[in-house]
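What follows is a set of notes on a single structure, which appears directly below.
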């Protein structure tokens, strides 16, 4: 039998004597990747990595399964086979001989070397792991590559039974310590948080590798920001942040990305694929990050706290953005208008205001949006679902942020204070709008006359006055392509176009009546709810629509400061 049941040595199948090998640590020959890091590598980098590791497997005399019956070069070079399938074939051969449920000798949590060593007397068994994956073993050679690669490196070993059994069928493991990380792949648990930036990780080894970036101890140092990396490939990938290189292009829309993982997530916006589904409410998401962020809404968990004011957040990037309000750091500056922004997403959205680009298009009504947040908020208007209800007055809202804002009406809370004049506001958007009175910023520009405004509301009001002028002049520049009818404003044209298609995308869940526009749908909903949000300031009478309130206003004798010159 083999001289050791812990992969420290192997017995030559051609002799009856065991041959003791020189000590070899996996740390000395392996490159460590986390699952996140592996996702960032491009195809050529992964290929190089596989070739190096294949050569390493070939050279390590510790492997219990003989390779002489395989032509490794042929197996790898054959395009119909890949490295994963080759390893999984070996895994399945070994699994056939395993007997789940038996006990095993646990390997101590130290470096695995391949010299003869007495087995630890500690005997343990495991029946708690629920994952559906194969464990990689207990060593730094555990490259955390199970997600994208699936290389079950330690499964080449033949010694001993595999008693650690996954509760999902046909999955066996040699070492109990290797369970901890794969289990978190399924639960989404990331218990190791970086004290510097708040980023979380599945395993202790992953966070150790990450900390190198902050400590500056890695051999590959970024010349732009000083971050250090333990791996050349990760250093090269990081450089793209500074150089702006985006080698991964979407075939459908032409948009480019710095990372292949980001491209894959983006492609789901075209396909509509949302593989990450919430078990509590059934809502699905494009990316695991959005899914984990959503989960915290149910749990109420806010694990990331601002060191200055103690405010807590559901994810680390929100903390980083919030902390810039204390430091007033705004690293992203617009080259067109000079405005500086604190977050990259805000900066990208701002640039689209200049370019007019609206990459997020609603599949139901065709409306385009500058940001993903605006698009997601709009999507909910079609469903009519209002899951967020006020406990005090019973009013329901589509978005949790709208409910929070509404609740401040009851409490009188105004948490957003202007640092220049001390005035407080219920929402950050109102504070932002107020801030422009101090800075003089006017980001909303009329496409027809060039006049700029502080808010979108003011721009829309201005556009309505232009429409009013056209009513007198008779100008109708917006023509329907089907019937040639002209309109004063683009919104009127869009509403008209739906009369040709007969399309009625907004359906009332209570009575089944359908509407061609969201405004008509919202007005109709109020007939069921009895809601009358438009209130006359003079007599207190309330109305379902703003237009009805305006008509009512004419019944009161009052000043009319806006006079038509024509």
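Think of each number as a place in line: the chain as shown, counted from 1.
Cβ coordinates come from backbone N, Cα and C, glycine included.
Looking at the stretches 133-155, 478-500, the one that Swiss-Prot records under the feature zinc finger is 478-500.
Feature zinc finger, per Swiss-Prot, maps to range 164-186 of the set 95-117, 164-186. Taking Swiss-Prot as the reference, the stretch among 38-66, 444-472 described by the feature zinc finger is residues 444-472. In Swiss-Prot, the annotation zinc finger applies to 304-326, one of the ranges 5-27, 304-326. DSSP states for the zinc finger (534-556), grouped as helix (H, G, I), strand (E, B) and coil, give 8 helix, 4 strand, 11 coil. Summarised by DSSP class, the composition of the zinc finger (478-500) is 11 helix, 4 strand, 8 coil. The average per-residue pLDDT of the prediction over the zinc finger (332-354) is 80, rounded to a whole number.
Residue counts for the zinc finger (248-270) under DSSP, split into helix (H, G, I), strand (E, B) and coil, are 11 helix, 4 strand, 8 coil.
Taking every listed stretch (388-410, 416-438, 478-500, 534-556) in turn, the largest tally of C-beta pairs under 8 A with the zinc finger (360-382) is reached by 388-410.
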